[in-house]
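Database features (Swiss-Prot):
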CARBOHYD  33  N-linked glycosylation site
DISULFID  41-52  disulfide bond
DISULFID  56-151  disulfide bond
CARBOHYD  58  N-linked glycosylation site
CARBOHYD  72  N-linked glycosylation site
DISULFID  79-169  disulfide bond
DISULFID  101-139  disulfide bond
DISULFID  107-174  disulfide bond
DISULFID  132-140  disulfide bond
DOMAIN    180-224  domain 'EGF-like'
DISULFID  184-194  disulfide bond
DISULFID  188-203  disulfide bond
CARBOHYD  200  N-linked glycosylation site
DISULFID  205-235  disulfide bond
REGION    222-315  region 'ZP-N'
DISULFID  223-314  disulfide bond
CARBOHYD  256  N-linked glycosylation site
CARBOHYD  285  N-linked glycosylation site
REGION    340-351  region 'Internal hydrophobic patch (IHP)'
REGION    340-478  region 'ZP-C'
DISULFID  395-455  disulfide bond
DISULFID  460-467  disulfide bond
């Protein structure tokens, strides 16, 4: 129980006690006939009626962050029915009582109490106010008289409160966390302020922020493989007049939505990495593919007078994957491979124009002179590429689109290149998520217009298997491989262009013609069947 007993009639020292955490400040009284409104004097009928004291020097300190209005822990409802006397609130929960109604079940109690009125300033002396308790949808369901005085010290001003318990339980006097001292342990941006809420310091958007220059709204970009995430500063948007719900549109107005909240006071919207989708503009140079778009912001879905337009772009280094994604009509084959215990993987095979593997052939077919080098790239573009490596076990050409065609010219056989064909160059196989090789056209095209490529793929578990091939002479002479045709990718047709093209057969040639019409082709095929 808090109280103030008369210790001496002449010169009394009033000592206040309270369960920790608290600090006791002591002061000396003055005769009751003092006319100074800064002093608190005992009741006329009490033993201390002749004693007056300054509550700025004689009060109990309450350092309890659970009194913060941000505290919504209602597991235990505490009550202040035992608080009688002068008190000063300190600490991270706030140093002043709130001056507006507080929601129920805040401040670690059921019915939180707040100050109905403005705090006095220095020179006002002791001011009487009503403390209200919110309950039953009534911000002032219970009332209690509170006296308040503004005080000063070297570090600034503060307030003390004379409390008289509470009308009922569980009622508790709250503190406003926005008045807490700025002993912030984190660094906030200039458009933020540091506040103590939910028992932690955090950065929140400044309420007094006013922004007129939209150029200050610089986006943060997350250039992902499948989408671009555009993040904007939520505080700056608030300073421009935007509310919690911000509607964003891309160049294609059908691509719109509410910007999503991100950590640290940012909001975001995503744009797919697809050419011409949602108004994306794709540009390519020799090294990068660049996607451009504009994010237009509005306050709702009806108003079309966009207040802010934010241009953004993401540049992707050209590689096999990006070049295929940005090509309009690449010649590509796709296969889904299921691996027990590891899920589904997607594998793609495409034809490229040069050894950079960034310029895929586009259109319905490829037309090449017989002396051309054909560049073939295969990539694993979905799945755990850190664990599984892409391995080409068998790659071969056929005179028809039938992958089962018995006439096969092997480029890669049993994981190793055909060493009898000096034009074959396997640049990568079994070491990453990509495999690539090249071969000269005339070595397998024969004297016919159309040929087809087929590659059997295997996803090698690098944690349990040796994935990079070891190609010895004995291995090269091994028997004809058993091909799993369910894991074969097909490409074609590849059309051969030559001076005698008018005399060659058109369409898909039959097997006999593929072998015999061009004598130069017979020997490589015969040797390929043997090795």
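Just so it is clear, glycine is given a Cβ too, placed from its N, Cα and C backbone atoms.
Note that the structure is predicted; figures quoted are calculated from it, not measured.
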Sequence-remote partners of the domain 'EGF-like' (180-224) [C-beta within less than 8 Å, at least six residues beyond its ends]: 65-66, 68, 70-72, 91-95, 230-240, 264-266, 273, 295, 308-310, 312, 314-316
Most crowded position, judged by CB atoms within 10 A, among 107, 184 as disulfide-bonded residues: 107
Distance check against residue 194 (disulfide bond) for the disulfide-bonded residues 101, 174, 188, 203, 314, keeping those with Cα within 10 Å: 188, 203
Residues satisfying Cβ distance under 8 Å from residue 79 (disulfide bond), sequence separation of at least 6: 109, 166, 169, 170, 171, 172
Composition by DSSP (helix, strand, coil) of residues within the domain 'EGF-like' (180-224): 3 helix, 16 strand, 26 coil
Distant-in-sequence Cβ neighbours of residue 140 (disulfide bond), under 8 Å, six or more positions away: 116, 130, 132, 133, 134
When distances run from the Cα of residue 314 (disulfide bond) to each of the disulfide-bonded residues 56, 101, 107, 203, the nearest one: 203
Alpha-carbon spacing, residue 455 (disulfide bond) to residue 72 (N-linked glycosylation site), which is rounded to whole Å: 63
151, 169, 223, 455 as disulfide-bonded residues, winner by CB count within 10 A: 455
Rounded inter-Cα distance in Å - residue 56 (disulfide bond), residue 41 (disulfide bond): 13
